[in-house]
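TrEMBL annotations:
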type	residues	note
DOMAIN	7-153	domain 'Flavodoxin-like'
COMPBIAS	258-269	compositional bias 'Low complexity'
DOMAIN	277-521	domain 'FAD-binding FR-type'
BINDING	ARG456, TYR457, PHE458, SER459, GLY490, VAL491, CYS492, THR493, TRP682	FAD binding site
BINDING	THR535, SER602, ARG603, LYS608, VAL609, TYR610, VAL611, GLN612	NADP(+) binding site
Amino acid sequence: MAKLQPLLILYGSQTGNAQDVAERVAREAARRHYAPRVLPADAYLPMVARLPAEPALVWVASTTGQGEPPDNMRQLWRVLLRKSLAPGSLAGLRAAVFGLGDSGYPKFNVTAKKLFRRLEALGAHMLLPVGLGDDQHRSGYEAALDPWLAQLWPALRAAFPLPAGLSEPAPTDTATELVCKYQVAWLSAEEAAAAQREAAQASGVQAGGSSACAAHAEALSAAAQFDRVEAAASGLPLALQQQGPEGQPSARAAGGPATSAGHDGASGADAGGYGPHRPYWARLTANKRITAPTHFQDVRLLDIDLGQSGITYQPGDVLAVVPQQSAAAVEALCRRCGWDPDAWVRVEPVCTQAAAAAVEAGTPPAAGEDNGSSAAAGACSCTVRLGALVAGALDINGASPRRFFFQVLHQFARGSELEEERLAYFASPEGRDDLYQYNQREGRTVLEACPRLKPRYFSIASSLAAHPHSAQLAVAIVDWATPFKRRRRGVCTSWLAALDPQEQGEVRLPVWVERGALRLPPSPATPLLMVGPGTGVAPFRSFLQDRQAGLLAGEGPRPAPCTLFFGCRNEAGDFYFREEWAAMQAQGVLAPAPGGLVTAFSRDGPAKVYVQHRICERAAEVWSALQAGACIYVAGSADKMPAAVAAAIEEVVAQQGGLARDQAAEYVRRLELTGRYQVEAWS
């Protein structure tokens, strides 16, 4: 058999999208007779000395926060940045980089751009320009990925000719062989009873907890166990499969949930070990609607008691929440698939074709690496109740299926030529836009797809200085109708909206804190220009509460007066925290009227007015603040607002500073590079 060309595929992924792209590249590479090997970037760290000898590399990287690399590539990225590396150290490497980003952020795809330049500086031969996927495109990153891959394969083939006796797939042939990553075994009644007893003994849920809390904890535990199996199936070395972000041990896999009654965490969120591998079960103390009863949108202010957890956070941080899915939805999926949700199963990784091909190509795993062998499968199996696994691991009613799901369905479509044809079309680049219409706009659910359940992240809307031992969230309840009038509700927000600690007794949420994209300047004497329409105002409430608490306590220098640009639809409907802003203005935390609090009520006048219009109207004040060293912060929807605000700031700089447009754009860019212009946007 012909020896296949090895292809190393690394990814840096924060939410799973870059991993999906890397696995798609691997599937298409295998179809073209390469021997792909897919790893999270930091998993390659023990083998980094081999990188100069690797023949070919494809690196997929997302950008997080204010231009930071994802957690699972930061260590390898630091190695590549070492000044001791010679300029030609990667001269033998053929490389390509694809990035995933959001053009709503100023530092769009900066991680991929920096990575491309660094590999090139180290002598790597770059096969094609960096690919720049954009979440703002209606088809997401795939709009850029499809043409980028169309250029990648010819470039790779020019560098590595096809082995004798093999042929390229036809351009119209987009089918990829379906490779199972997992092996599922149904347990006998005796085995299931033993597994159930063992799970009950290991449970960390307090005896006094509610049945809903116990079911939620069981689902999270099942998902945590499956995480290890997924890591092994994806090629993660065995030594790293028990680790969490930044190499920390996976506590979620090791134990049950923690509550203020059952776990005394060390000081600080990281010191307490809380995170996706061990959420803190915080008590919900209040759930109050802050929009008018007649307003079309329901927005809640949640008060979450962090108890004695020791969790701390800074203004601008985010609180992650893992939602509890509807029991009815779990039962409906199991019923549709003919499964018993109370059955117990054992899930193991299997040796993938890619791993086998890598061995065949002469690239055996390094010491400590397993590539999904039977030994790793045995070490990483999980035994769980099926209903708990579905509830904890699959996003049943939230995420829409990706294109690969339709490729998988096409493999099983039999007996209907129309179905086969339509599924093949949706799985192709040509069907991408129609897939968007059918899929994303209609919010198809897990009854048609099986994406992983992800935590939801909310900007914390309070300061620990003002609210010790608690965190507050401003949450807009997602409830909308598709073009075909099907009602869709957000998985997490609809669950949160239904929680009522006054009526339901003790209610707990699995949470942890993560560093946010926004950071206050170190000195309160620095003026702030904050732009936060809608719930985008949440982190700025945290900023201002922090400065207000310092002022009232007499700590440090008197804070510089700040300006908040707040936008909503109606003054009477969704003017959040109105009384608080007035109090802060009276205290001098916000600048005095007519500045300080600048509102844009888009539906209250004859013409729609947005925050970017108010910025231009206050051009002299904005320019004066910038000249005084002010920092600009923007938070809210990533759709059009961040770009419109950036354009307004450029207009102010050009007009008030007497600069040409290109000079104004460069001025704003310098603000970004020095941390004086920060954006947190979400789709």
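Including glycine, each Cβ sits where the backbone N, Cα and C put it.
Overlay of TrEMBL feature records on the structure.
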{"residue": "ARG456", "record": "FAD binding site", "contacts (Cβ under 8 Å, 6+ apart)": "ALA320, VAL321, VAL322, PRO323, VAL491, CYS492, THR493"}
{"residue": "GLY490", "record": "FAD binding site", "contacts (Cβ under 8 Å, 6+ apart)": "GLY398, ILE477, VAL478, ASP479"}
{"residue": "SER602", "record": "NADP(+) binding site", "contacts (Cβ under 8 Å, 6+ apart)": "GLY567, CYS568, ARG569, LYS608, VAL609, TYR610"}
{"residue": "ARG603", "record": "NADP(+) binding site", "contacts (Cβ under 8 Å, 6+ apart)": "ARG569, ASN570"}
{"residue": "GLN612", "record": "NADP(+) binding site", "contacts (Cβ under 8 Å, 6+ apart)": "MET641, ALA644, VAL645, ALA647, ALA648"}
{"residue": "TRP682", "record": "FAD binding site", "contacts (Cβ under 8 Å, 6+ apart)": "GLY636, SER637, ALA638"}
Cβ neighbours of CYS492 (FAD binding site) where a neighbour is any other Cβ within 10 Å: 23
Pairwise C-alpha maximum, in angstrom, for the residues (THR535, SER602, ARG603, LYS608, VAL609, TYR610, VAL611, GLN612) that bind NADP(+) according to the record: 19
Residue counts (helix, strand, coil, in that order) that DSSP gives for the domain 'Flavodoxin-like' (7-153): 62 helix, 36 strand, 49 coil
Number of other Cβ atoms within 10 Å of the Cβ of THR535 (NADP(+) binding site) across all protein chains: 25
Candidate with the highest Cβ count within 10 Å, taken from the binding-site residues VAL609, VAL611: VAL611
TYR610 (NADP(+) binding site): tally of other CB atoms within 10 A of its CB: 18
Spatial neighbours of PHE458 (FAD binding site) that are distant in sequence (at least 6 apart) but have CB under 8 A: VAL318, LEU319, VAL321, LEU473, ALA474, VAL475, ALA538
Model confidence over the domain 'FAD-binding FR-type' (277-521) (mean pLDDT, whole number): 81
